[in-house]
Amino acid sequence: MAAVLRASRCLVERCCKHVDIALVSTRSMASKTQVGFVGLGNMGNPMAKNLLKNGYPVIATDVFPESCKEVQELGAQIVDNPAEVADKADRIITMLPSSPNVIDVYTGPNGILKKVKKGSLLIDSSTIDPAVSKEMAAAAEKMGAVFMDAPVSGGVGAASSGKLTFMVGGAEEEFTAAKELLSCMGANVVYCGQVGTGQAAKICNNMLLAIGMIGTSETMNLGIRLGLDPKLLAKILNMSSGRCWSSDTYNPVPGVMEGVPSGNNYQGGFGTQLMAKDLGLAQNTATNTKTPVPLGSLSHQIYRMMCARGYANKDFSSVFQFLREEEGQ
């Protein structure tokens, strides 16, 4: 009798093992189902490419058809508008320039929510007003979908190498599903809290980034005027207490570093206009929360002046060039 029981137990264990393997296999195959991507600009393009590199079929669209060519050549399916993306994919990532763009892509006449499937996961990696993220989450919930904000830090270089940092806001129980996709495009995926907290973290980061870049530019300019070699000054700063990301990774002075916008006439990278937009978001939230941000406010003014002086499409590190030109006036 004992032998019969042992044999039965072994048979059950083997069956359970096979069932577990089958379930894991099914989930693995399901995880590689189509992913929608809306917005193939400087950041969205390399992000979508990394999804393709990781084996995810991508269905994409962009308001500028020429932006779709590279990912299409790599195997992405291109459709005409966000609604068509939602019709074909139940996991969608959006990467757009501003709050109005996000509102239009989600709720416009050809928006995602026009054809979104119940249970879809919608991840917005744009940098926008946290209040807009909350509005989109509420609209998605009415359609039976889940919206999460997941803005990024790291710039075009990190987007290309798959080393972005994602700051994620949304329902905690959905974070694992979001992280599966975001990990293909980033080295760090951090849960921040409910919808809107990802945007809050990003706005704070970019305000500090702008302040740091202006400070680095002022420091480098002063040192050069005092007769210091810029490469030597950068070396000293980067082994001293003044070291920061703007000095050691993204130096704004032409010729100090290779592979950064300052070495390419400030082309590419993160545009001055976008930085001015993000600083505007920081100012709005600071006003709404009665938070004093004097350096953030001054940074906003400087970047707005730069936009008015022809720097809008140059990388935000061009503030160094802006200061050099200002001293000649």
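Cβ atoms here come from the backbone N, Cα and C positions, even for glycine.
Unlike curated entries, TrEMBL annotations are predicted automatically.
TrEMBL lists K202 with the feature active site. There are 28 other Cβ atoms within 10 Å of the Cβ belonging to K202 (active site).
TrEMBL lists 34-193 with the feature domain '6-phosphogluconate dehydrogenase NADP-binding'.
Annotated domain '3-hydroxyisobutyrate dehydrogenase-like NAD-binding' per TrEMBL: 196-322, in sequence order. Here the domain '3-hydroxyisobutyrate dehydrogenase-like NAD-binding' (196-322) returns a mean pLDDT of 97 for the predicted model.
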Message: Quick check on the domain '3-hydroxyisobutyrate dehydrogenase-like NAD-binding' (196-322): DSSP residue counts for helix, strand, coil, in that order please.
response: 84 helix, 2 strand, 41 coil
